[in-house]
Amino acid sequence: MVSKALLRLVSAVNRRRMKLLLGIALLAYVASVWGNFVNMRSIQENGELKIESKIEEMVEPLREKIRDLEKSFTQKYPPVKFLSEKDRKRILITGGAGFVGSHLTDKLMMDGHEVTVVDNFFTGRKRNVEHWIGHENFELINHDVVEPLYIEVDQIYHLASPASPPNYMYNPIKTLKTNTIGTLNMLGLAKRVGARLLLASTSEVYGDPEVHPQSEDYWGHVNPIGPRACYDEGKRVAETMCYAYMKQEGVEVRVARIFNTFGPRMHMNDGRVVSNFILQALQGEPLTVYGSGSQTRAFQYVSDLVNGLVALMNSNVSSPVNLGNPEEHTILEFAQLIKNLVGSGSEIQFLSEAQDDPQKRKPDIKKAKLMLGWEPVVPLEEGLNKAIHYFRKELEYQANNQYIPKPKPARIKKGRTRHN
């Protein structure tokens, strides 16, 4: 706590020092201009120059310097709604610099709340939230949730966790720790400060389902020792912890079971089907489909998910709620759709079917409709066009920085991937 206070003090001193130096520099410049002005006046009296034109010539560079300084030191933020002290909440988002977390940050900031983002940048990126840095309602903390955090908040959105196969398979122990120890720490924080906690769980708790579509009362069909178990079982344990704290300690909890989500700020090479297909299509490479492509998925756009998370947090629903799009497509249909939207000549390449790849996944969202008044509203093609536009820009950015990412498959066994 002392070291954090010292850092804030040093930061404040540095800001004051910078302002002082800028002030001195401007005063020196004005003094120089004034000296030239006096000299020019003397020259004019001798009939050698017209002072009016020279004043304008000298003042214009000063105006330019002031404009440049304003651009450098005045950060323009997205529009933020004003909330009274009574209505404004102090909100913590773990994993807030990640794909979904950064969009949730945008939503809550623009709604007028005070938002603290905690991220260890294992998969999150500072770029995703840098447009809020410096805003009085925003704070970014580099912190791993497996370590305790001491902060006063009203709500906690616990999103911290690797969520794509390459990331959680690369470090399964870290994934387990984040979903168990990290969740335990956030529940402890919620208990201490009386905050409400929302756990970002997953449709993976249903495993390879034997019931279709999947409703919240389905217990699932999960392989507890498979290659994905670190994530699937980690989330199942996290849910158990939430309800244990609710029953024993009276902590208010909300649990969102999130289905496949896509949109801007996804990692380009995270191994998910959306990012893989878009990247392959944009680069003119074959779109890789594992198995026959008859497996089904239902994809929701990220803004729909964010609205669902906020609605759930502010509701009285303490039991798990599915958040997903019930519009179902086969993987093959999805590959063809992305190919057409990109306008790509890429072929579709069929590879061996992956281990533990669910054959069907579709959420039953009756509960979300009835109890939250929520359902997805962004059409699939509209969302995909936004994602494609983002990926085009990312490719340009990477090209300018001499790096072109390649689609990264999730390693399961013998180099195989699965559709996510």
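From the backbone N, Cα and C atoms, a Cβ is placed for every residue, glycine too.
For 1-19, the entry in Swiss-Prot reads topological domain 'Cytoplasmic', with the evidence type sequence analysis.
As annotated by Swiss-Prot, topological domain 'Lumenal' applies to 41-420.
According to Swiss-Prot, the feature phosphothreonine maps to THR94, an assignment based on similarity to another entry. In sequence order, GLY101, VAL118, ASP119, VAL145, ILE156, TYR157, HIS158, LEU159, ALA160, GLY182, MET186 are the residues near THR94 (phosphothreonine), counting only same-chain partners six or more apart with C-beta under 8 A.
Among the features that Swiss-Prot reports, UDP-alpha-D-glucuronate binding site is placed at LEU149, TYR150, LYS177, ASN185, GLY188, LYS191, ARG192, TYR245, GLN248, GLU249. DSSP assigns LEU149 (UDP-alpha-D-glucuronate binding site) to coil, not to a helix or a strand.
Taken from Swiss-Prot, the feature active site, proton acceptor covers TYR231. In the three-state DSSP reading, TYR231 (active site, proton acceptor) counts as helix. Around the Cβ of TYR231 (active site, proton acceptor), the number of neighbouring Cβ atoms within 10 Å comes to 25.
Annotation comment: Swiss-Prot describes ASN316 as N-linked glycosylation site, evidence class sequence analysis. For ASN316 (N-linked glycosylation site), the count of additional Cβ atoms within 10 Å of its Cβ stands at 7 [all protein chains shown].
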If you draw a 10 Å sphere on the Cβ of GLN248 (UDP-alpha-D-glucuronate binding site), how many other Cβ atoms land inside?
9
Taking every protein chain in this structure into account, which of the binding-site residues LYS177, ARG192 has the most other Cβ atoms within 10 Å of its Cβ?
LYS177
Would you count the other C-beta atoms found within 10 angstroms of the C-beta of GLY188 (UDP-alpha-D-glucuronate binding site) for me?
15
Report the nearest neighbour of TYR231 (active site, proton acceptor) in space among the recorded positions LYS177, GLY188, ASN316, comparing Cα positions.
LYS177
Would you identify the secondary structure of THR94 (phosphothreonine) according to DSSP, in three states?
strand
Cα separation, ASN316 (N-linked glycosylation site) to GLY188 (UDP-alpha-D-glucuronate binding site) (Å, whole number):
21
